[in-house]
Amino acid sequence: IGNTVLHILVLQPNKTFACHMYSLILSYDRNKEGSGSLELIPNNEGLTPFKLAGVEGNTVMFQYLMQKRKHILWSFGPLTTVLYDLTEIDSWAEDQSFLELIVSTKKREARQILDLTPVKELVSLKWNMYGRPYFCFLAIFYILYMVCFTMCCVYRPLKPRTGNKTSSRDNTIYVQKMLQESYTTYEDELRLVGELITVIGAVVILVLEIPDILRVGAAKYFGQTILGGPFHVIVITYACMILVTMVMRLTSTTGEVVPMSFALVLGWCNVMYFARGFQMLGPFTIMIQKMIFGDLMRFCWLMAVVILGFASAFYIIFQTENPENLGQFYNYPMSLFTTFELFLTIIDGPANYDVDLPFMYSVVYFAFAIIATLLMLNLLIAMMGDTHWRVAHERDELWRAQVVATTVMLERKLPRCLWPRSGICGLEYGLGDRWYLRVEDRVDPNKHRMMRYTEAFKAQDRENYDKGLENPEINGNILYKKELSGLSLSRSTSRTSSHRGWEILRRNT
């Protein structure tokens, strides 16, 4: 019952009352230390009161709980060294990481906890010492891996075509070699080494991704943009395409160009995932994800309806015409592709003025140009501009969340020998076997005094301004002096006591 009440207090809107009641209930807890403590008992979702405060974005309760866990090591004037308990915060020994819970929640208030002590210092320590070097090395290794795969595709085994053409539009001159013909020369053996590296890399990707899917759940793993959800879909699909290409090569099945082309596109697009390691490029990856899976997905439904309707009309109009004179609509699939190009204004309206064009072509094309080019494309631009404006206001916050998610991912996947535990063991200071983070805090003794002076000067300025409004004759003169004082606080323009106070405060600062 006590643990349930603690979880309810975390969700209370009255933060001050919740903190006092939280302390009152814990004062009656007999097992304040150890696994039997009320604070360490999770709810049905596996969240303790401390983790629940982080997930809900309750910064007041989080800071209150952290103040209870800190130990002041020493204090000398304005300098203070504090040890913060990393229990439930550090993801090194946690199955359900506190940091991962924060970045995976949809509440923006929860991400503000990443700027609070000691979470900010812990993430900065992990990222600068281990996360950034490992992530940069992983990015370079992946780019070299993709270069290897691309070279294997460029120099894939081909041979001249021996059969006769079955159509005048058939333009094929090379065909795929059979398996027995693909590895005969030294160049083929060199390509075989690159293909083996590509297949091994695809298997490693699947081995690393599947356990995380089972642990987190497919919905959260693929749906959270900060966790890199769309990129996980891309890299898993890429690995599957590599395995499909391998099977088609071993069975001498024609058509390996289809999965190979998909793999090339997906593999190189996944390079954008590594942009999150840089503050300049990281927010743009989230912006692209939100545009593609938000605005563009909704827009594609409308675009598909328009393209299907007008492509069918174009095909019917040119169904009775000679395709040699105007071949852009000679069959239905080609009509769909041509209409798609017209929709995006990639090509101009196809027309051969040496022959008579059907009258309905001009009418349908006029309507298509108005609806597609003038209306729908400008609608897409407006939607993307609104998304860019919304994401730009929280780009730094989103980038920090990306860094946290990347740090937790690397910490889980790398061996313990390459990523030692951060912090200081409490046994060194007689605080048990818990781990602590040492933070140096500097307290300015004049900070509160200067804040009081600032409030006093502001109040005096408001009083002078109100008196000026009561006397209309000198109102314009006072406003003029206010403008001058806003530009310069020199003695020639600042004669009131409040202005002299502002001058003193500025010099002391």
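Note that Cβ sites are derived from N, Cα and C of the backbone, with glycine treated the same way.
According to TrEMBL, the feature transmembrane segment maps to 134-158 (among others). With a cut-off of 8 Å between Cβ atoms, the residues of this chain six or more beyond the transmembrane segment (134-158) that come close are 174-177, 181-183, 187-188, 191, 194-195, 197-198, 201, 242, 256, 260, 263-264, 267-268, 270-271, 274, 277, 406, 410, 414, 418-419.
Among the features that TrEMBL reports, domain 'Ion transport' is placed at 135-393.
Per TrEMBL, the feature transmembrane segment maps to 192-210 (among others).
Here TrEMBL flags 231-251 (among others) as transmembrane segment.
Counting residues 6+ beyond its ends, the transmembrane segment (257-275) has Cβ neighbours under 8 Å at 135, 138-139, 142-143, 146, 149-150, 153, 156, 176, 228, 231, 234-235, 237-238, 241-242, 244-245, 248, 281-282, 284-285, 288 in the same chain. According to TrEMBL, the feature transmembrane segment maps to 257-275 (among others).
Here TrEMBL flags 296-318 (among others) as transmembrane segment.
Per TrEMBL, transmembrane segment is recorded for 359-381 (among others).
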Do the transmembrane segment (231-251) and the transmembrane segment (192-210) share at least 3 Cβ pairs under 8 Å, sequence separation 6 or more?
yes
